[in-house]
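Peer 1: Sharing a structure, written as structure tokens. Questions coming.
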Amino acid sequence: MGGRVIDADSKPNSPSNGERNLVLVGRTGNGKSATANSILGKKAFMSKAGSSGVTKTCEMQRTMLKAGQVVNVIDTPGLFDSSADPEFVSKEIVKCIGMAKDGIHAVLLVFSIRNRFSKEEGAAIHILESLFGKKISDYMIVVFTGGDELEDNDETLEDYLGRECPKPLKEILQLCDNRCVLFDNKTKDAAKRTEQVGKLLSLVNSVIAQNAGQPYTDEIFAELKKGATKLRDTQVEVDSLKGYSKREISELKEQMQKSYEDQLKRTTEMVESKLKETTTRLEQQLAEEHLARLKAEGAAQLAQMKSNEKIFKLREKLERSQRETQELRNRAPQPPCPIL
Ligand SMILES: Nc1nc2c(ncn2[C@@H]2O[C@H](COP(=O)(O)OP(=O)(O)OP(=O)(O)O)[C@@H](O)[C@H]2O)c(=O)[nH]1
């Protein structure tokens, strides 16, 4: 444990004083690790440029606030990148849930104002909702990184969203009740660092208050917690057994460990099948939308062609009738010259 002491929780109406579990999700390179480090006030996670992804697995680090409250920060790899393998993603999700045993107090969706918002980022929210239910959006907070670049351009977050907010991002912000915060992870200004982390933690407090102090949990959390508690209790029980040889005790422990690992495997498989089902459904939906767009474009093109053809024919008709009129005029007998 270590890191900076932050004064975000010394407000009179701050919610429960238990530990807080914050999970950062987002596309590789959006600045999850850098944001996690800003929250922790120390370089706990590796953060650097690279398209292949620096964070390879979920990891948890913690810090203590001024009021003595512990904040657990879980950094994740790019779970919703289109290149991510479902088996790996499911294992990581189960691992992350295992770390936040008591539930998740806030999910931080990390976007970067330095990278263009992508389709897959828009789809990620639907995957999260499919895996964890619509309730998960009550726990979401959007974090935009790259505050320094906006500042360099003399822009605010509102200016940026005014010019650069595609429909799926708008929908995400609406789903989160517009809970969003801008982070400059590059700043060396201690006051600025404290202020942006304080703002985020205030949003976390409001999320906790709105959810009546209850962190997000579901049947996956419950199953994993039950399994881990059972393993721990039986290990204690086995340790206290009398009249058994060392070998028998070690065999019993191995059996317990194996049954726990089997349960983890089953849970991971369940998450994987849900994930595959959702991804297939989303891909189908995207393909259908694409097809509908193509059809609409085709119909518009056809209508345009038809109307071009009509215009061409009308112009031809007009020119023909002008020519005919001129010919008639030319053929008509000329009036005698008044001078003669
Ligand atoms: N200018 C600027 N760069 C940032 C900011 N936040 C993160 N970065 C940079 O963005 C790059 C990626 O940051 P990471 O924290 O490694 O991103 P990540 O989402 O954790 O990426 P993976 O660990 O690879 O999944 C690094 O070069 C960071 O220094 C920011 O607020 N401003």
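Even glycines carry a Cβ here, placed using N, Cα and C.
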Peer 1: Between 261-280, 321-340, I'd like to know which one TrEMBL lists as region 'Disordered'.
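Peer 2: Of the candidate stretches, TrEMBL labels 321-340 as region 'Disordered'.
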Peer 1: For the domain 'AIG1-type G' (17-225), what is the mean per-residue pLDDT, to the nearest integer?
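Peer 2: That region's mean pLDDT is 89.
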